[in-house]
Amino acid sequence: MIIKPRVRGFICVTTHPVGCEANVKEQIDYVTSHGPIANGPKKVLVIGASTGYGLAARISAAFGSGADTLGVFFERAGSETKPGTAGWYNSAAFEKFATEKGLYARSINGDAFSDKVKQVTIDTIKQDLGKVDLVVYSLAAPRRTHPKTGETISSTLKPVGKAVTFRGLDTDKEVIREVSLEPATQEEIDGTVAVMGGEDWQMWIDALADAGVLADGAKTTAFTYLGEQITHDIYWNGSIGEAKKDLDKKVLSIRDKLAAHGGDARVSVLKAVVTQASSAIPMMPLYLSLLFKVMKEKGTHEGCIEQVYGLLKDSLYGATPHVDEEGRLRADYKELDPQVQNQVVAMWDKVTNENLYEMTDFAGYKTEFLRLFGFEIAGVDYDADVNPDVKIPGIIDTTV
């Protein structure tokens, strides 16, 4: 079939398998052209491995450090008549290229929050890898079925303690509008912490450690975003921020557990990028459109692969890591450059419907958004007939 982008709200409901493969190849080429990661990991588990930062971590470990990788994700395959999810095509492409390079690459499809998927992962590590020396935690999910209670909990994107009104960008209608959000209830805050906080990360590390599949000296990191003042009301000081603060708490006990065997656990702070998750946050499209304009003009603009490759090379496995007072690894320092933030703040209230394309890089934002789904990739013929039924050989599918 010939596949064109169809966008509804903050989701593109079509995906392009050839475009997704080309996007993965671009990221691999970036890593291989920037040289190996010295003393990098060799056997890596990535939880949330199919898109965005998790995919970038898998690519960086495999092609920057020659690592065997096991990826966990929750995606949907395509059929002859309907495209699958972008994450499915990304993972199929990654495995193809990794296998061509002689690397082990296998994937588990299922709910990473479940005990079942944790057990299948442990069994696969024991059978195929023995032990892993890096665990990357990069889940972004709107809800979680708690493995102990069976309750399905939802996360909420709301301020805490007060209602907030802010400028946002309606990406469908391409207009600036005021968005008002009521404060989260305590139940909504607790739910967001349960879905997006550190409990599941801790459960993963506990399960892996108890099963004896963590190598001595193993490291783990969970990805987070902190942002600057302009996004704080909705982000760091909001319900999501409560979940992020929970990560900061949970990492301490995880670190103690791994340190006993010469290992380490860190929260890694990454810059704002266009992802399916960030495009759902009301103020982020406007913030990102301004940020892209400023950072591109300064020559400091980065996407997922530049961020994560740099994180592994400079901080996770580097001699002089970028660490903050809380012990987090920081890869977002170029975004937080005061010059960058001051320019974004100065332009924030000046953007109108009329000057949107001149004042911001909304065009770049839209391109990045479509690239998530395999569109707008250079060199891809989007008028060609493609088969959306792409197989991932050897996938362990716990959903069937």
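Keep in mind that glycine also has a Cβ here, set from the backbone N, Cα and C atoms.
Here is what Swiss-Prot records for this protein:
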BINDING   48-53, 74-75, 111-112, 139-140, Lys244, 273-275  NAD(+) binding site
SITE      Glu75  site 'Plays an important role in discriminating NADH against NADPH'
BINDING   Tyr225  substrate binding site
ACT_SITE  Tyr235  active site, proton donor
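A map of Swiss-Prot features onto the structure.
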residue : record                 : Cβ contacts under 8 Å, 6 or more apart
Ser50   : NAD(+) binding site    : Gly71, Phe73, Glu75, Thr85, Ala86, Gly87, Trp88, Asn90, Ser91, Ser107
Gly52   : NAD(+) binding site    : Ser138, Ala140, Val273, Thr275, Gln276, Ala277, Cys304, Leu372
Phe74   : NAD(+) binding site    : Asn109, Gly110, Asp111, Ala112, Ala141, Thr399
Leu139  : NAD(+) binding site    : Ile47, Gly48, Gly54, Ala112, Phe113, Asp200
Tyr225  : substrate binding site : Tyr235, Lys244, Val269, Leu270, Lys271, Ala272, Ser278, Asp332
Val274  : NAD(+) binding site    : Leu288, Tyr365, Glu368, Phe369, Leu372
>> Let's check the environment of Tyr235 (active site, proton donor): how many other CB atoms sit within 10 Å of its CB?
In response: 23
> Given the recorded positions Glu75, Asp111, which one has the fewest other C-beta atoms within 10 angstroms of its C-beta?
Replying inline: Asp111
> Tell me, how many other CB atoms lie within 10 A of the CB of Lys244 (NAD(+) binding site), whichever protein chain they belong to?
Replying inline: 23
> In terms of DSSP three-state secondary structure, what is the assignment for Lys244 (NAD(+) binding site)?
Replying inline: helix
> Under a three-state reduction of DSSP output, how is Phe74 (NAD(+) binding site) classified: helix, strand, or coil?
Replying inline: coil
> Within 10 Å of the Cβ of Gly48 (NAD(+) binding site), how many other Cβ atoms are there?
Replying inline: 25
